[in-house]
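What Swiss-Prot records for B:GLY149, B:VAL150, B:SER151, B:ARG152, B:THR153, B:SER154, B:LYS155, B:THR156 is ADP binding site, and it gives sequence analysis as the kind of evidence.
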2 protein chains.
Amino acid sequence: MQEGVSIYLVSDSNVDTAENIASIAAAHFDTFIEKIKKYSYVGDINQIEDIVMEAANDSNSIIIHTMVVKELKEYLQKKAQKFGIKIVDVMGPVIDAIEDSTGISPHTELLRDSKEDYLKKIEVIEFAVKYDDGKDPMGILLADVVVIGVSRTSKTPLCMYLAHKYIKAANLPLVPEIDPPRELFEINPKKIFGLTIDPEVLVKIRKERLKSLGLNDNALYATEERVKKEIQYAEEVMQKLGCTVIDVTNKAVEETANIILNVLRGGEST
Amino acid sequence: MQEGVSIYLVSDSNVDTAENIASIAAAHFDTFIEKIKKYSYVGDINQIEDIVMEAANDSNSIIIHTMVVKELKEYLQKKAQKFGIKIVDVMGPVIDAIEDSTGISPHTELLRDSKEDYLKKIEVIEFAVKYDDGKDPMGILLADVVVIGVSRTSKTPLCMYLAHKYIKAANLPLVPEIDPPRELFEINPKKIFGLTIDPEVLVKIRKERLKSLGLNDNALYATEERVKKEIQYAEEVMQKLGCTVIDVTNKAVEETANIILNVLRGGEST
């Protein structure tokens, strides 16, 4: 009989991601999975000891993990190595890439937030990713906050920031040539935040954008005329909706987010 | 303003897995995602060219991909490298680990099966993983096939094999001390397959198992008396259910699976 493989899925949150990846990988092999063991919410070294001992006793084990708590992850890796068990770190390379790119250190303690908070945070970030840029109008109906505005008003980073505050935020670009989806007019306008900006500043931002793309900065996209037309159209939509309008000219994303948070708490927008 | 990061999610199937991982990673950073672009079902080199060119034009891009089609994956990696773009291969390390462990080569053409078949396969494999070992009786209600039997009758590999044949299979261990869940008695017994085995052969298999665990092979688990009791109990349950019973003694998993496939097609079990 063909040699099967025992797969150990390990996480300090839930193992769904590891499980999903194991399934996709398995679909590429005409081979048997002899055994699948799942360990969610692994929170201490004793649990890791038990898991590695069990894996070591199978003839052919692979540990696939999504551990992020630094000490636990290192302990798991060290132990697996000691017993010659193959181990795959799913999250590590992605977290390292973001750290390299931004120069910002990740939180590697899971539990500064509680487990529930952490899972909730992943959920709202997934929401922001899924309903970014108006791709699915369903997001408008499901969101706590819907951000609208013309191109280059920082809608995406704003929604990501709000997600870090546990708020489900969707965003939708406004363009004169495309009618906003009807869903936008069906929700409570208190959930909608329109971003506006000084046309001159936006012209500069868009010219920079075009340059960074290696394009001619005289394109229509960055002309004063076009920008003014877009902003005027956007403001008309916002007025029609009766939503909160925030002028983001020279505002940092955090500032805009704080205005939104304040409105949601029942405060004023200005 | 803090430097944000643009994330490019790329896959030759759908980007859900990459998206999920990006969200978890993002939850660990108090940073902005400046932009998120999703490219599912990337199927040719021209598309890859376009994606990499766009990523190259952002100041701070990361490509997170779940490509498995070899030529496309290699092309993407080469191109990204050329432009100095950070790139993370999510599936590669897991597929490599399984290949190393089993000595079996993966299918790296996605489209031997059609896209839909491939996604369906992942779905049924996920099902087999999720409802392995009777952990959730919901699986019994949702499965195309429910495999029951005492410990060490190859239930898990059988279900994985069936998954490769696009059949949703759940499995449930039978132990005299634990009543089977009521769901087992609520479904059509034609969906249930009971595995039985010669007690002497099972004693040998279990003794080997104990040895491999470094345990004394005189443990109750591998005694003739215990094994006979378990098999007798299991056969009683199978009779009560009126399900198909398959004697797996000296049968390869493929043979057992083919019997099940034959029954499902309306053929006979023997």
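From the backbone N, Cα and C atoms, a Cβ is placed for every residue, glycine too.
Note on the binding-site residues B:ARG152, B:LYS155: the fewest other CB atoms within 10 A surround the CB of B:ARG152. When secondary structure is read from DSSP and collapsed to three states, B:THR156 (ADP binding site) falls in the helix class.
Here B:SER154 (ADP binding site) comes close to B:LEU195, B:VAL248, B:VAL253, B:THR256: these same-chain residues lie at least six apart in sequence, with C-beta atoms under 8 angstroms from its C-beta. Mapped onto three states, the DSSP output places B:VAL150 (ADP binding site) in coil. Contact with chain A, taken as any Cβ pair under 8 Å, is found for the binding-site residues B:THR156 out of B:ARG152, B:THR153, B:THR156.
All protein chains included, B:THR153 (ADP binding site) registers 25 other Cβ atoms within 10 Å of its own Cβ. The 10 Å shell around the Cβ of B:THR156 (ADP binding site) contains 24 further Cβ atoms across the protein chains shown. For the ADP site, the Cβ centre of B:GLY149, B:VAL150, B:SER151, B:ARG152, B:THR153, B:SER154, B:LYS155, B:THR156 serves as reference, and the other residues of the chain with Cβ at most 8 Å from it are B:ASN171, B:PRO173, B:LEU195.
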